[in-house]
C-alpha cells in the first residue's frame, strides 16, 4: 500500500508533463490567433482600388460616375422599351430585357462602392460586406452566362427551325430559361462562397482590387489555400468554359445554316448574330482569362474586372440597339409618346 501511494504522485507528475508537452506542441503547430479566434478576427478588408495616385481620384470619380449612370439609363431604357411596346413581346426581346436586368445587377454590386471610395483615402469594407460582394458577383455573372446561352438557343430555334419557333419558345419555356439562369447562378455562387466562409483570416487584409474578388481574398487566409484555389478555378472554369463551348457550338450551327441561305430574313439574322457574338466575346473573354489562364498578373486581372463589371454592361445596350432596327423604331416611338405627354402637361 505504501508503494502504491508512492507511485501515484509519480504518475500524476508524468501525466502533467505529457499534457504540458501536448499543449506546447499544439501552440507551435497552430498560431495562437488561429486557436483562439476564427475568421472574425479580421473584421474588415482594405481595398487598394484601381490606382494609388491621389491626383487621379477625382478624375476617376467623374469618369466612373458617368459610366455607371450610362449603364443604368441604357439598360433601363431597354427594359422600358421592351415592356411598353407590344411588338417586342417576343422570346428574343424577353430574354434581352432579362439580360439588361442582370447587367444592371452586375454593374451595381461593386461600382457604387468603388465610386464612393474615390472620395476617401482609406478604402475599407467589412468582412460581411466582402462576403456579400463575392456572393453577388458570382450570382449575377453565373446567371448572365446562362442567359447568353438561352439567347443563343433562341436564335438557333428561330433560324434553324422557324416553323416551330413559337411552339418551342413559348412564354412558359422563356420563363423557365430565366429561372434556370438564376438557379444556376445561385448554385454556382453558393459553391464558391462555401470555399471562403470558413477560412481563417488573421493576418494581412489588403485586397488589390476595387472589390472583393474571390481569388484575391482566398490568398489572404492564414492557411495554405492551394487546394481551395484549385477548386475555385475548377468551379468557375467549368461554368465559363462549358457555357462558352455551348455558345460556340450553337453559333457555328447557326452560321452554317445562315450561310446556306440568301434571303432578306437571313440578312437580318446575320445582323442579329453579329451583335450576339460580339456580346459573348466581350463577356466571356475577361472571365475565362481571369479564372482559367494561370499566368495573369493582378494588374491585368484588375483591368479585366473593370471590363466585365462596367464596360460590358454599358456596351450591351449599345450593341443591341444600334444594330437592331426594331429596337430603334420602338425607342423612337417611346420618345415621341413621352414628348407628346410632356407637351400636353405643359399646355
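Residue 1 is the first one shown; counting continues down the chain.
Cβ coordinates are placed from backbone N, Cα and C, and glycine is handled just like the others.
From the options 92-111, 212-231, the stretch TrEMBL describes as transmembrane segment is 92-111. The stretch that TrEMBL tags with transmembrane segment, taken from the ranges 16-38, 131-153, is 131-153. Sequence-distant residue pairs (6 or more apart) of the transmembrane segment (238-258) and the transmembrane segment (131-153) include at least 3 whose Cβ atoms are under 8 Å, placing the two stretches in contact. A Cβ distance under 8 Å defines the sequence-distant neighbours of the transmembrane segment (59-80), meaning residues of its chain 6+ beyond its ends; these are 50-51, 96-97, 100-101, 103-104, 107, 111-112, 114-115, 118-119, 310-311, 313-314, 316-318, 320-321, 327, 331, 334.
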